[in-house]
Structures are given as structure tokens and as C-alpha cells.
Amino acid sequence: MSTTESGKTGEVSGDELGAAGSHLSTAPQEDRGPTLPRLGVIGWIRWFWRQLTSMRVALILLFMLSLGAIPGSLIPQSGVDEMKVQTFKDAHTTVAPVYDKLGLFHVYSSVWFSAIYILLFISLIGCIVPRTWQFVGQLRGRAPGAPKRFSHLPASATWRTDAEPEQVRAAALEILRKRRFRAHVAGDAVASEKGYLREAGNLIFHIALIVMLIAFAWGQLFKSEGGKLMVEGDGGFSNALPMYDDFKSGNLFNSDTDLTPFSFQLDKFDGTYERNGPNKGSPRVYRANVTYSVGATGKEQKTAIQVNDPLEIDGTKVYLNGHGYAPTVTVRDGRGRIVSRQAVPLLPIDSNVTSTGAIKIMDGYRDKNGKREQLGFNAFFVPTFAGSGKGNMFSQFPALDYPVLALSAYHGSLGVDSGIPQNVYQLDTSKMKKFTDSKGELLKTRLRPGETMKLPNGAGSITFDKDIKQWASFQITHQPGDGWALAGALAAIAGLAGSLFIQRRRVWVRATPGADGVTVVEMGGLGRSESSKVAEELGDLAAHLHEQAPSAADPQPAVPAEGAEK
Amino acid sequence: MNLAAATNENLAHISNVLIYSSMAVYLLAFFAHMAEWVFGSRSKVGRTAAALTQKPTAQAAAGSVKVQVKEKNGGTAVLERPSVVTRAVSGTRDVPDGPGASGGDEQGDLYGRIAVSLTVLAFLVEASGVLTRALSVQRAPWGNMYEFNITFSTVAVAVYLGLMLAKKNIGWLGLPLVTTVLLDLGLAVTVLYTASDQLVPALHSYWLYIHVSTAIFCGAVFYVGAVSTLLYLFRDAYESKLANGGKPGKFAASVLERLPAAASLDKFSYRVNAAVFPLWTFTIIAGAIWAGDAWGRYWGWDPKETWSFITWVAYACYLHARATAGWKGRKAAYLALIAFGCWLFNYYGVNIFVTGKHSYAGV
Ligand code: HEM
């Protein structure tokens, strides 16, 4: 141990101070250069382990972690926005495959990023465990005895007094203990130390990091997250796998037991938007009013879900994450019989809620010859139309000021049975025929609420009803381990504060009979790092001790304490 | 409602006028600081060289000094205090701090005082500008980058004046700070200006107050830390050149000579960075909690989140470096500058170049 003593005591060289400067922290010692092991496999493993748990490697790994996080913020990530990734891949056909190989589209779950943080945490554990034992040992032990010469310490004071050495030591002991130094008499001096909380805080901080990582990992393994789009007044949602539009879960998630039983339905969506100013169109009120019940047979309760205000039921949270319109359309066949009346949710494509989607009539429709057929409409909807002749079908404002629905009509087979999963918002027209107008072009019309588009040759009609509904989409998540992560985070802050704001320092007081029978008092202070606080505190302590052991009346010229000349 | 809107517009207008006025006063402060440095260059001190060529000695005072010590019961007692000998530990240069911008020159000193007074005035005007802006929108003044910028520079100046009030040797920060504030405000009123308005619902949360206010404060303090780190690097180069018997250029000798010693600057920047690091940690955690409420996940590697994390890890690197043999001093200082660079990029770069969930912060 003695060869590595130096370097532990801040900048003070251990050679000058000997044992007095040792163990002022539990930071691991640095290996001096790469002394390669000579002995076989075990030697190598030992060497590798010592490297991995050294401060230098921790530093390098930390640095690599921050470097490694950068590409993920500049390249689109599939976990964040799949669409953007696709666009990027289409636009950069040469680099995209390389990026793909390197896992750059999912940096934070890539092999190399995981390798960095797993190594870091192994290093952390390998570092924390011995440091904790060492710290416990320090708590049990006592401050090391005084160095031979105090003049090497960053702060020291000396004077001569008529008080007896024992008296001085007793007084020093009392003064130091009153200030919560851990003090004891060692030989002709009092040795004391204070600020162990610094080390404790540092250990707590690093342990809290481990707790947070475990909590996150736990949460990832057991979490579930799904989306559900609901139209106002629709039937309710109850929390079971088949009810979700899309669903993701961690590897250890069990859908039979891990879904919290509850149900809810969307009563009404309230949205208002800024009418004027530069932020025109930004949402002001944005609220889903819902009715929910907990458990299978719970009482019905009403509440509102807003953007910053999810509904929380037994650790499951229901977030409002999107909104749009669902125009109600009525489809009639050639004889005027209603085939379908439904509110069709359309997907917004811009911030003014210009929306697109598809209306699909799967069954119930027969053409004028009585033959079964399917109908399909491409729908384009704007809540606020610019006015005919004024540009395109792009909405001018998100509220329902002047709604217009544009439709184009097809008939034939929707291709729903082909086995390929279909996007409900898109029409697959490969097996469909266009309805055509008098000029033989695709039949399309812009409708105002209440208006009807007639299909040619008595094929029926479609009416844009006045009742335009809104829909809201919800994200339903359950992530266990949140509590632990939060507790870890708070402990980390507390530990950090302790570690950074508390100084660990030692104070020694030596009292020896001088040559002329007068007692020589020497005081010295040593901090972990050079700090003016140590000198100030020493001055303060000296003042108090001086009160009880005042300077000898007749100051002799200079006690030979080297370096103490004026 | 309309009436309220009118008063709000008036307030917003007043706020703009105040911000422009504060810029004018900062500009005067800038000139006063320049004058301070220019007049200060008349003095030839050269204490650093002197200290470096002498054999290092302990600063000592024999005998005893009288000191006043506060007692628990509120009174003070005059104690005879043995003087404490401090000793620069081995491996560091024992160099006194420079005399400050004015270099002890009387006229320079006068301009220095004028500069500080003007800075106080400008700060008050700017703070009122921020306040009226907040009143005009009836919320915290940090809903977009313009507001963020004006608040940020106000807080940075507040940190500087606060340190000055606490009697810290911080005068050297005056000129760089006022310069940056002018740049920051210039950017705010030209490129980033956004008329006052309410917030989108995603920003309606008390976490906005907690998360953003601490973020701004941390940024201001990190800024102070970064300036002192940068000056440390210059001053350190200057000192080591002197120590090795080199002859620094005239400009360096005149300007750097007046800065605090490299060791003091280094210590100061470490203290400043270390002191806000826990708060920065808290800022990120508060942001995560808010994201949990607003977006349904605590952490989603959104660019802003990612860069906050990178900044955090970079500062953690810096703190580690200071405890690692071979990394103290200049290497650690470079890490501190990189870390501040990350913070800057997180603020400007991410808002402007990268789109993410945070981009509604309104450039
Ligand atoms: C997970 C990544 C890590 C992070 C984010 C981290 C962060 C920090 C921070 C912020 C500090 C400053 C607190 C202080 O100075 O007391 C610190 C100190 C420290 N860390 Fe880490 N650390 C990590 C991993 C490690 C590892 C792997 C080791 C061991 C090799 C380690 C050993 C230390 C030691 C000994 C100190 C105290 C330095 C001193 O006393 O000045 N840390 N760490």
C-alpha cells in the first residue's frame, strides 16, 4: 500500500506527510503506467479488472458514453419516429445501409452503446464495493497520527504558551469534539478528522446510479404501452390486449396478469385555438372528457384528460396524445336504403388538421343489379376551407369554421380478405374500379355538411352529415419501477450535494515542552484539496485554543519552525 | 378580454423599450470596462514574474493577530488569534493574484467603478423588461427563445453581481460578461424576437417553472465557470511561459498579468461548476418527471433530452477528471469547456438545427 499512498491527498505529496495524509478519500489509486502482468490467465484477469475499475478507465468510459449519445440526437431514431427513419433511408441510399449495420438508427439500444454503459456500470460496481468497505473501515478506525513537521501542511500555526502540554491537549480535544471532529490523543498530539459525509455522499451517489439503472431496466422488461383512438360517443375501451390499436411490451410482460383492469370511453373532446397573433392556430384548450371505471365492475366516474394531466389508475397512465375529426357519412344504395352510417376518423396531416383517410363499405351494399360489391372512398377533410378557387384543399384553421369534405369514389373489392394487413386510413384501389363522372374522369366532389354526392347510374349516394365528431387518441402505459427510479434520482442529488459541498479535512494539535520549559503548541490542517476554508477553520480553532493556552508572556525570538519567517 | 389584451400589448411594448434601453446601458458599461482595461495597462506590475523567479516561500506572519469571533449568543468576542501559515502545496506555482483590470491605476479604477454601476443599472432595467414581459403574457417569461435569452442574460448578470456582493474577487468577469450579454440580447431582439403570446397547452405545467428556471440558472452559472476556465487556460500558459524563462508577448503580459493567478481561476471555476452540478442533475430529473406527465414517458431520447444528458455526462467527466491523476489542470479545463459547449449546443443548436418534441419552444 505504501507505494501508492501519494496522490490520494489532493495535491499534497504523501511522501512529505507520511501516514497523516493517507486515506483522506476512498478514491481508487492510480496505477502508475501499464505495468503488464507476467503471470498467466489469472494475472491477466486481475490486471484487466484493475484497469476496468480504475478512475482513468471510468473517465474514458464516461467520455465515450457522452460521445456515443451524440449520433442518436442527429440521426432519426426508429424508436422515436419510424417515418423519419424511412425518409432518411430513402434520401441517403449510400450511407443508410452502413448506418443500419452500425445500429445508428437505434443508437440507445445498439450493441456498442449498451457495451459502453454496461462496462461503465460493471466498473462502477467494481469500484463501489471495495470503496464502501474501505469507508466502513475508516469509520471504525481513527484519524491517523500527526505528521512530524507541520510546516509541510497547507495550513499551520504555532505559538508558545505557559500551559502544560496535557492541558493544551485536553483543551484541544474538547474544542475539536465540540465541533464534531472525531478526535483522539495520539502520542504528544491530538489527531482529528471531520467531513466523512463527503465520502458517504459520494458512495450514495454512485450507488443511486446503479439503483436507477436497475429500475429502468426493470421498467423496460415489464412495461406495456399501447395506443387507442376513440371517437366521441363510441363504445368504451377496456384494458385488454385485443382492444388496442397497437401495442408494445417488454420481454417479461405477461398480458394475462400485468394489465390493470379498467375501462373508459370518450364523451367529448374540447378544443379551442388561438384566433390571432403569431401563434394563430395553437391549441389553447385541449381536453378529452372521459368516463372511466376501475376494475371490472367499478363505479363510473367522469374526468378530463389533458396534455400535462394523464389519468392514472393503479400505476397505469392514460395520456391524451392526439386529436382529429371524424365526419359522419351515410351511404345509401340505389334504392335509397341506408347501407352504413358511421363516423370515420381521419388522420391529420398538418397543424391546421387537414385530414385524410378512407371510407370503406365492406358489406351490405348491392349494386343496382343486386350484386354484392364493396365501396371505397378516398376522403380529404378540412375543418376550415379557404374558399372555392382559393388554393388547395388545405385547412386554414384547426377549428370547425367552414368544414369541407372532398371525396372520390371507387367500387369493387377492397382487398380486405387478401390476408395482407391493411391500413384502415388508406384505400387499396388495385382491385377497384373508379366511379366516373360524365366526362369519364374519377368521380370527386367537395361536400359541405348536409350535402350528398350521387354515385352515377343509380349506384346510390354518400351524404356528409352535419354531425361531425371528434376523436382523441390515447396512449396507455404501464411502467413498473418508476418509484425506484425517482427514489434513486433523489438520493443521487442528495449524495452529490454531500459529496461536492462537504470538505473532508484533518486537524492536528501537538503540544510539546520546549527547550526552555515553555510549551510549544503546533496546529496543522489538511484538506482533500487545497482550500482556503481549511486555513480559515484552523485559524478559528487556533483562536479558541489560544484563549485557553495564551501566548507566553515573553516571546522568545522565533521558534525554529522552518518556513515561518515573515 | 379585449381590454386585457390591450394592456398586455402595452406591457409587451414597454418591455421591448426596457430591453432596448438596457442594451444601451450595457453598451456604456462595455465602454467603461474598456477604458478600465486601457488605463490599467499603464501600470507595470510584473508581480507574477517576480514571484516565479523567487524561491517559493510560505506566506507567513509570526506573532498573533486580533480577530473578532461571533459567539453563539450573538455578541462578539475579540480573540487573540495565532496567525495561520499557509503554504502552496508542492506542484503548484505560488503566484499572487493579479491586481485586476485597473491594474491599480486610479483613473482605470474610477472607470471600473463606473462600469459596475452601469452594469447594476442595466441589470435593473433589463430585469424590469423581463418582468413586464412576464406580466404581459401572464406567465413565466420563458416560453420561447427570445424570452429565454433575455431571462438568461439577466440571470447571468445577477450571478455576477451576487458574487460581487459576496465580496468574491470577480471583477475580471466584468468585460467578458457585458460583451456576452450584449451579443445575447442583440441576438434576442433581432433573430429570435417573438411577439408576446400565451403558451401551447403542453407548456401549461408548474414543472415549467421548476424545470426551466433551474435550467436558466444552471446555464448562467456554467457560463461563469466556462469564462473562468478559459481565462485559466490563458493565464496558465502565461505563467508557465514565465516559469520556464520565456518572454510572453506585450499584450499577454499586460492583460493576463492583471488576472487572478491560474490556481485561483482554476479553483474558482471548479467551485462554480461543482456547485451547480447537483442543480443541473435536478433540472434533468425535473424535466423527466414533466415529460412523464406531458408525453407519457420519462425518457425518450428526444434531442433535447439527449443533449442534456450529454452535457451532464460531460460535466461528470470533468469532475472525475479532477480526481484522476494526470487529468487535473489543463486537461480537466478542456473537459469543462467541452461540457459548456454541449450546454450551448443544447440551447442554440438543438432548438435551431434539430427538430424534436422541444421544438415548439418557438425560435
Ligand atoms: C456511471 C457513471 C458515473 C457517473 C455519472 C459518475 C459521476 C460522478 C460525479 C458527478 C462525481 C463528482 C462527485 C464528487 O466529486 O464527489 C464522481 C466522483 C467520483 N467517482 Fe464517479 N461516476 C461514475 C462512475 C464511476 C466509476 C466507474 C468509478 C470508479 C472507478 C467512480 C469513482 C468516483 C470517485 C472515486 C469519485 C470521487 C472523486 C473525488 O473524491 O473527488 N465513478 N462521480
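Backbone N, Cα and C atoms are what each Cβ position is placed from, and that goes for glycine too.
Since we're looking at a predicted model, the values are computed, not measured.
Under the heading domain 'Cytochrome c assembly protein', TrEMBL lists B:142-354. Feature annotation from TrEMBL assigns transmembrane segment to B:17-39, B:114-136, B:148-166, B:173-194, B:206-234, B:274-295, B:307-325, B:332-350.
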The transmembrane segment (B:173-194) touching the transmembrane segment (B:332-350) per 3+ Cβ pairs under 8 Å rule: no
Cβ-Cβ under 8 Å with the transmembrane segment (B:17-39): same-chain residues at least 6 beyond its ends: 101-103, 105, 107-109, 111-112, 114-116, 118-119, 121-123, 125-126, 128-129, 132-133, 150, 174-175, 178-179, 181-182, 185-186, 188-189, 255, 258
Contact between the transmembrane segment (B:114-136) and the transmembrane segment (B:173-194) (at least 3 Cβ pairs under 8 Å, separation 6+): yes
Intrachain neighbours beyond the transmembrane segment (B:148-166), with Cβ under 8 angstroms and 6 or more residues off its ends: 19, 116, 119-120, 122-123, 126-127, 129-130, 133, 141-142, 173-174, 177, 180-181, 184-185, 187-188, 192, 212, 216-217, 219-221, 223-224, 347, 361
